[in-house]
Amino acid sequence: MAALNACYPSSARISSVSLKSKVLQTPCFIFPTSKGTIPHLTPDNINDNELPVVYFGLEDSLDLLEKSPIFTAEGEIDKWVAGTSSQSILVAPRRSTPLPSVSAGSHHIQILTSSGLKKLTNEVYVKAIIKLRPEIAIPLNDNPSNAPGVKRKPKMTEKSITWTDELLSGLQNNQLTEKVKVFFPVPNVEAPYLDPLIERFRENDYKQHISGLACYGNLHSIPSELSVYPKIFLRPLLTPLAILQSIHQGADIVMADLVNQASDSGIAFTFAFPPPVEDLQNIKLELAWDMWNSIFAADLSPLQPGCSCNTCQSYSRAYIHHLLQTRELVGWIMIQQHNIHVFHNFFSGIRDSIKAGNFLHDTEIFKKIYSSNFPRATGLGPRKRGYQMDLTDVQPVENKPNWVQLKPETNNTEFSHTTQKKEKVQEFQESELPERDTTVGNFADTYAAISDDQSGSELEENLFAELDDIDDSTYRESRMQSLKEEFQRVSTAKEKGHMQYLTVENEREVMDITTSSKRVVIHFFHPDFRRCKIMDAHLEKISKSHWETKFVRIEAANAPFLALKLGLKVLPVILCYVDAKLVSKLTGFTDLGNNDDFDTPVLEFWLLKWAAIEKLKENNSLGKKSIMGFKDTKNESEDSDFE
Amino acid sequence: MSSSYPALNYKVIAKCSTTRARASILELPHGPVEAPVFMPVGTQASLKGVLPEQLDKMGCQIMLNNTYHLGLKPGKEILDTIGGAHKLQSWKRNLLTDSGGFQMVSLLKLATITEEGVTFLSPRDGTPMLLTPEHSIDLQNTIGSDIMMQLDDVVHSLTEDVRMEEAMYRSIRWLDRCQAAQKNMESQNLFCIIQGGLNKRLREICCTEMMKRDTPGIAIGGLSGGEEKTSFCEIVHTCTGILPENKPRYLMGVGYAEDLVVCVALGMDMFDCVYPTRTARFGNALTRNGTLNLRNRRFKTDLSPLDEECQCPCCLPKEKGGWGVTRAFMSSLVSKETVGAHLVTIHNTQFQLQLMRDMRSSIIKDCFPQFVKDFFLKWHNGNRSTYPEWAVRALRLVNIDLLEG
């Protein structure tokens, strides 16, 4: 692992790192996984020549610390990675660009798992490495996201040494030193704080068993005595130029986070190294293309003509553009494949350039002819999941739904009273959940149905516990929050008399009701009409399960003004108001099949059609067996992009 | 038993001697389709999470696209410029497109249906738009699908008879208009759709009328709405009793494993459904022993594959060239990583395709009745008491008694 070819006056160098199963030619990159997956790619879409080593942040799988399945189920780390069988795996305590955490103790650091912050002790971490046997391990280390204070800095170095020592002895006791290569974690502190390393690295065990350095800080700070070690540079690099510069400063292996970021944004790489010959006058070449741009809508050429990646061999820009526009997951698979391929070639180009002694020159040209930044992402990323989630905070919904639900327009000026009351409507607007979550919805329904029998808080507790059982996802926190909000909505609705089917005495009150609840269904009846009684029976039933809507009835004779205004001649009449606007009117049973013995679901379905109810409810006979899109509402609709 | 049209040669190659099941082959412009067949649904010109080439490798010979969605994005103009949907998605096998009517009614709250067509508000800008049989065929001609579906008047199967009858007769009139509007007879087939809800009389009239119009294939529509399964099966049975033997029969929107097995026995050839792929994205893996909900705690440390017998790359161990994906690992990915969804989608799609292939080969060997019995026994983990009543009844119609022997 010696530097074979120094490239004066740059520290860029060609070297090789021997792992158990392969020899890495450097400079190269390591690809970050998220929960053991290369984002978007199933193993058959991974070319393992291009991704010989992947990075696994153990915090991804330590929800329950040593009780996590990754500990309790048999098998090495490869059981927890969706990769190819020849890929090598690096395990580190945290993700490659971890979310902020600050605190650490003398025996632990804080990690962020999908079930929240946890304390990871070195004892547990060493156990994990011994059990999982990755080809590369970075020992536990303390690298806070905020700048550490003067008192903490020397401790960071001390901890790196102590924790590395413990790992090394653990590996020795288990005869794993050949299998697991250890890269010493150099903390992010200035050079003087790293002095203790020089002594330590002179000792035999380090000489024998430390294979390289994992650099969390500046490459300048690394003591020159240690420069012979291969260096993994773990700071985020956002542009190709930043990568070139870090290699210039002596990085041998860098992290490829920028590939994931670009792919998620629909950005397809077009850069190459060494850069194309300079024959353009002051025109900067783009580093990449934003595939959301509609100039690609009918473009049948590949992403990058001449590219030999799988995507460019088979698919067109037009298709990829279409897939992004429709937010089809396959679009991101294609861009990810292409970007990895370009990135891989970028590094072979770097190695060739260093070998040829042109690295500095080529870097200069690269800087001159390429834009300094990627084009700004204009489109949305995929639905946020795992690796894209910032767990430190409840996120606003960034991904708006692709399709809008159109509310019918009420052009009819007859209903002018609604516009007059508009200001008032604003005041009474109910808070809406940003995104429909069916689990939350189902729980809220249960809550609505039984909250009268049990005390509210006790019931909440029970439901939360049940949620725990089915759900330990990253959404849990925000889901709990939504659930609380949803329960609040249920309570508010109940206070307003939802879930009851009441008779209103005068039309004044009717108008007030239409503005105080978001959804209102009004039945104009005649006490002697048979069909009105049938309607009552159905509405009574529906009102019990649809807590989100207020159901009332009024005798038409008590509403002379409205009856005249709305031209009510035939009864029963059902009016649906949403956001204080009349959205639909049902006269008689015409839309229900003109039949006296229609089923309640038929009416429910009609109400849904006008958004007068939120959804068909599960406990209802129609919940599970209904027309088209509503089949099996239980858990299928969350993601049902309109199939 | 065969039929021949410019863009479709159909041949029944084997018939079950007990049931109405048949094994057949459709020669279509983009290659052969071996039936009984399940067609995965790529709503917007893509099966969610699976590249066209991956689908091809699984042996999928025909997939679905939705006319309505492609009409919105990328739109007719772009499709015209590009030269159709095959080219757009680099798909070398066959495509079937629905007419768009189903989506109008299911997705849009404001669709109103008149004799002229379906009026709806554009989800793009809210302007009123009209979809007529002519528009639908024009768009499907542009898409270039190997099988086009007529525009039909879709009503929920529980709708009462007057409206149902109207819808049924209107669908017949719309077929006439679709046939008149059809352009690419040489490269595209137009299938009719039998309507009539759960009313046998209406279904019979519709079958007779549609058969007169001599389309290369025949679909049964309006039956995936979750109606009573017993009446559903009776209707299928009624239709397959009338429909000609020498044409492919397509049951729209059906794809649960039990339904597939029963409906193949009743004599259907083609099926489509979003269920297997949609449910995959929620972490439900289909196996011969029923569905696994991977979010369940008990899978968290379960190192076995999704389905021991499955030959899909997820389930095959690494030593055999697969990916050796365990239930435990899947359970850690479900609803957290897109790759988790991709993996289960691949598995479930493979499950559907394999189930159809297994039925086909058992029909050819004429041991289909035994296959049906084995299937149900396994699906219900050896417990006959959980067999659904509707399936037992439906299979009796075609001389299989699940509870006997």
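Note: Cβ is positioned from N, Cα and C throughout, glycine not excepted.
According to TrEMBL, the feature active site, proton acceptor maps to B:D98. Under the DSSP three-state reduction, B:D98 (active site, proton acceptor) is assigned to coil, being neither helix nor strand.
Per TrEMBL, substrate binding site is recorded for B:D98, B:S99, B:G100, B:G101, B:F102, B:D152, B:Q195, B:G222. Under the three-state DSSP scheme, B:Q195 (substrate binding site) falls in the coil class. Non-local contacts of B:Q195 (substrate binding site) by the CB criterion (under 8 A, 6+ apart in sequence, same chain) comprise B:D152, B:D153, B:V154, B:V155, B:M164, B:A167, B:M168, B:S171, B:L202, B:C206, B:G221, B:G222.
If you draw a 10 Å sphere around the CB of B:H347 (Zn(2+) binding site), it holds 24 other CB atoms from the protein chains shown. Positions annotated as Zn(2+) binding site by TrEMBL: B:C310, B:C312, B:C315, B:H347.
As annotated by TrEMBL, domain 'tRNA-guanine(15) transglycosylase-like' applies to B:19-379.
Look at TrEMBL and you will find B:253-259 (among others) tagged as region 'RNA binding'. Across the region 'RNA binding' (B:253-259), DSSP helix (H, G, I), strand (E, B) and coil residues number 3 helix, 0 strand, 4 coil.
What TrEMBL records for B:277-281 (among others) is region 'RNA binding'. Summarised by DSSP class, the composition of the region 'RNA binding' (B:277-281) is 5 helix, 0 strand, 0 coil.
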Report task. Report, as numbers and ranges, every residue of the chain located at least six residues beyond the region 'RNA binding' (B:277-281) whose Cβ falls under 8 Å of a Cβ in that stretch; write 'none' if there are none. Result -> 40-41, 47-49, 291, 341, 344-345, 347-349
Query raised in the report: If you average pLDDT over the region 'RNA binding' (B:277-281), what do you get?
Result: 93
Requested in this report: Report the nearest neighbour of B:F102 (substrate binding site) in space among the binding-site residues B:C310, B:C312, B:C315, B:H347, comparing Cα positions.
Outcome: B:H347
Query raised in the report: Looking at the binding-site residues B:S99, B:G101, B:F102, B:Q195, B:H347, which ones have a CB within reach of chain A, meaning under 8 Å Cβ to CB?
Result: B:F102
Requested in this report: Look up B:G222 (substrate binding site) in the DSSP assignment and reduce it to helix, strand or coil.
Outcome: coil
Query - Under 8 Å by Cβ from B:C315 (Zn(2+) binding site), same chain, sequence gap 6 or more - result: B:P305, B:L306, B:D307, B:E308, B:G322, B:V325, B:H347
Requested in this report: Based on Cβ atoms within 10 Å, give me the single least packed residue among the binding-site residues B:G100, B:G101, B:G222.
Outcome: B:G100
Requested in this report: Can you see whether DSSP assigns B:D152 (substrate binding site) to helix, strand or coil?
Outcome: coil
